[in-house]
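TrEMBL annotations:
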- 12-40: transmembrane segment (TRANSMEM)
- 52-69: transmembrane segment (TRANSMEM)
- 75-96: transmembrane segment (TRANSMEM)
- 108-129: transmembrane segment (TRANSMEM)
- 135-155: transmembrane segment (TRANSMEM)
- 176-196: transmembrane segment (TRANSMEM)
- 208-227: transmembrane segment (TRANSMEM)
- 256-274: transmembrane segment (TRANSMEM)
Amino acid sequence: MATRIISAAVGLVLLAIAVLFYGTLAFNVIVLLITLIALHEIFGAVKLHNKFGMYGWCALFAAFVLLYDKIPPTGAIHLTAGLFVFTAGMAAFAVFHFADIPFSSIAIVYMETIAILFGFSSTLLMRSVFPQDGLFYLIAALGCGWLADTGAYFSGRLFGKHKLAPNVSPHKTVEGSLGGLLTNVLALCLIAWGYHRFLGGGPISYPHLIVVATVGALAGMLGDLVASSLKRQQGIKDYGTIMPGHGGIMDRFDSVIFTLPTVLLLSYYLPIVLR
């Protein structure tokens, strides 16, 4: 219960930050700082916390991606070039640190860096893809992670009988997951209604919203399970200690990293707000 309360408090703080700074360079910098902490936690999870060169390389690529829309010239070719250079650099680390760093650890760092950047860069892409409604889509994406998780927790406590993935996360149940999906859909319908009714948002496509909310919540559950599997494999309880007793950034954002790009991409083809 305390973890859920902490998560809700973190969510409210981030929502306030988004409202105050969304669309500014300050927002990019805040997202970058969160990303750097998340990367540091991943390095710690795979016992590479003292590999400052590799961390610096990942941090440099993160800065390139997350400040990209503020640094001209922009264009897909430059992002592609950046991804190639980053990949080549990680391959070089694998070769020249063959004796002291397991290849599997470098592969995990590479995969997690890409996943984290896919997630957090989506907060910035929402501004350009949905210039009038980007903040709404950001809130919807965060909701797919945190609202579904909260609904799953309470539904699981009340009705949970069948384990969802016992080898990865023993406490998660099928009934809890279904409750999380329903909670997320209903909550986002209410948020969307309020956005249209009171904040000047365009007409809402509720069929599109139901699809996006359902798939987004499923993506969040997958992200949660992926993070749990890595923790279990590495024999750790939490990714970090930035919130004493409640873990780190990755413990609070594991699901959101998956919901952000899912909501962005689905909403591009199935827009929730019709304009």
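Even glycines carry a Cβ here, placed using N, Cα and C.
Since this is a predicted model, take the numbers as computed values, not measurements.
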| Close approaches to the transmembrane segment (52-69) from elsewhere in its chain (Cβ under 8 angstroms; 6 or more beyond its ends) | 28-29, 31-32, 35-36, 39-40, 43, 78-79, 82, 86, 89-90, 93, 97, 106, 109, 113, 116-117, 120-121, 124, 127-128
| field | Chain residues in Cβ proximity to the transmembrane segment (176-196) (below 8 Å; excluding those fewer than six residues from its ends, i.e. six or more beyond) | value | 136, 139-140, 143-144, 147-160, 164, 202-204, 206, 209-210, 213-214, 216-218, 221, 272-273
| note | Maximum Cβ pairs under 8 Å to the transmembrane segment (135-155) among 75-96, 108-129, 208-227 is reached by 208-227
